[in-house]
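Trainee: Sharing the record's features from TrEMBL:
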- 43-292: domain 'G-protein coupled receptors family 1 profile' (DOMAIN)
- 28-50: transmembrane segment (TRANSMEM)
- 62-80: transmembrane segment (TRANSMEM)
- 100-122: transmembrane segment (TRANSMEM)
- 142-164: transmembrane segment (TRANSMEM)
- 207-228: transmembrane segment (TRANSMEM)
- 240-263: transmembrane segment (TRANSMEM)
- 275-294: transmembrane segment (TRANSMEM)
Amino acid sequence: SRAQNRTMHVVTEFVLLGFPGQRKTQNFLFALILGVYLLTLLGNGAIACAVKWDRRLHIPMYILLGNFAFLEIWYVSSTVPNMLVNILSETKTISFSGCFLQFYFFFSLGTTECFFLSVMAYDRYLAICHPLRYPSIMTGKFCVILVCVCWVSGFLCYPVPIVLICQLPFCGPNIIDHIVCDPGPLLALACVPAPSTELICYTFNSVIIFGPFISILGSYALVLRAVLHVPSGTGRTKAFSTCTSHLMVVCLFYGSLMVMYVSPTSGNPAGTQKFVTLVYSAVTPLLNPLIYSLRNKDIKDALKKVLRL
């Protein structure tokens, strides 16, 4: 029993290997990721402020978009600052609790993002398929309830897998060949095989990814059916243009997520895992504000007003 206690708490910190390479490569990566991070904060911050300050944007579609932009700021901040410190660090260590805190916030915010994308698809479905009933269904109060449900449920999902994984014995080695604390590499470091915990985590990830994704596909299938019945070509184009931005974001975010968590990750080399993680943790939050603002006249006008201030 004493030996067991000793092995239970040998690992007090993990080493996040991050991206390998010479110091010159590391410096280039640091500058690149820092640039992406600052632009992401700027772009999403501008959209969140535009929605808050421009009274014309105080309608459900933009309230959801403003919350989504605000969420992106936190989502990218849950991993990228640590990634940047890690690139410059000689030791590349992260404490045991720091690792699990990052895991919790990164995955909770990612889950909240899945929920928001599905609520935004539902909003587009109501606006296009039930335009007359839309104002009475998507009231300000209902919109606020949906926003709160997304935030709260996103943060309530992940304590279960985290508690299960952090109670596993970690007796060394403590090297994670990744850029973030991810359940796959963490489970691989546990001293005892934990098939049931692995199954629970895999099931959790699949439900959280596929649940909202199926509801998004359902919403857009109904939207497509309704749009194809619109007699005029301009009406069809207008209906489609309100959806394309959202669809591009969904494809970007879900495409990389599925490569990472739904295809068996053990088959992916570490380099691929790092690259895909970098795409959905840093690149997609940068592209989202661009996708939304470039295709939306109201947002462009509001942003001009904000930036003039």
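A Cβ is built for glycine as well, from the same backbone N, Cα and C atoms used for every other residue.
What TrEMBL says about a protein is an automatic prediction, not a curated fact.
Surface or core, plus neighbours and distances: that's what I need for these features.
Mentor: If you look at the transmembrane segment (142-164), the same-chain residues 6 or more away from its ends with a CB under 8 A from one of its CBs are 60, 63-64, 67, 100, 103-104, 107-109, 111-116, 119, 183, 194, 197, 200-201, 204, 208.
When Cβ-Cβ distances below 8 Å are used as the criterion, the transmembrane segment (240-263) is approached by residues 110, 113, 117, 120-121, 124, 127-128, 205-206, 209-210, 213, 216, 220, 223, 227, 273, 276-277, 279-280, 284, 287-288, 291-292, 295-296 of the same chain, each at least six residues removed from its ends.
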Trainee: Same-chain Cβ contacts of the transmembrane segment (28-50) under 8 Å, 6 or more residues past its ends?
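Mentor: Residues 19, 21, 57, 65-66, 69-70, 72-73, 76-77, 80-81, 83-84, 87-88, 278, 282-283, 285-286, 288-290, 292-293, 299, 302-303, 305-307.
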Trainee: For the transmembrane segment (275-294), could you work out the same-chain residues 6 or more beyond its ends whose Cβ comes under 8 Å from its Cβ atoms?
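Mentor: For the transmembrane segment (275-294), the far contacts come to 33, 36-37, 39-40, 43-44, 46-47, 65, 68-69, 72-73, 75-76, 79-80, 83, 106, 110, 178-180, 182, 245, 248-249, 252-253, 256-257, 259-260, 268, 300, 303.
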Trainee: Going along the chain, which residues at least six beyond the ends of the transmembrane segment (100-122) come within the CB cut-off of under 8 Å?
Mentor: 61, 64-65, 67-68, 71-72, 74-75, 78-79, 82, 94, 146-147, 149-151, 153-155, 157-159, 162, 165-166, 180-183, 186, 208-209, 211-213, 215-216, 219-220, 246, 249-250, 253-254, 257, 280-281
Trainee: Which bits of the chain, at least 6 residues beyond where the transmembrane segment (62-80) starts or stops, bring a Cβ under 8 A of a Cβ in it?
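Mentor: Distant contacts of the transmembrane segment (62-80): 33, 36-37, 40-41, 43-45, 47-48, 50-52, 102, 105-106, 109-110, 112-113, 116-117, 119-120, 123, 140, 143-144, 146-147, 150-151, 179-180, 281-282, 285-286, 288-289, 292, 298-299.
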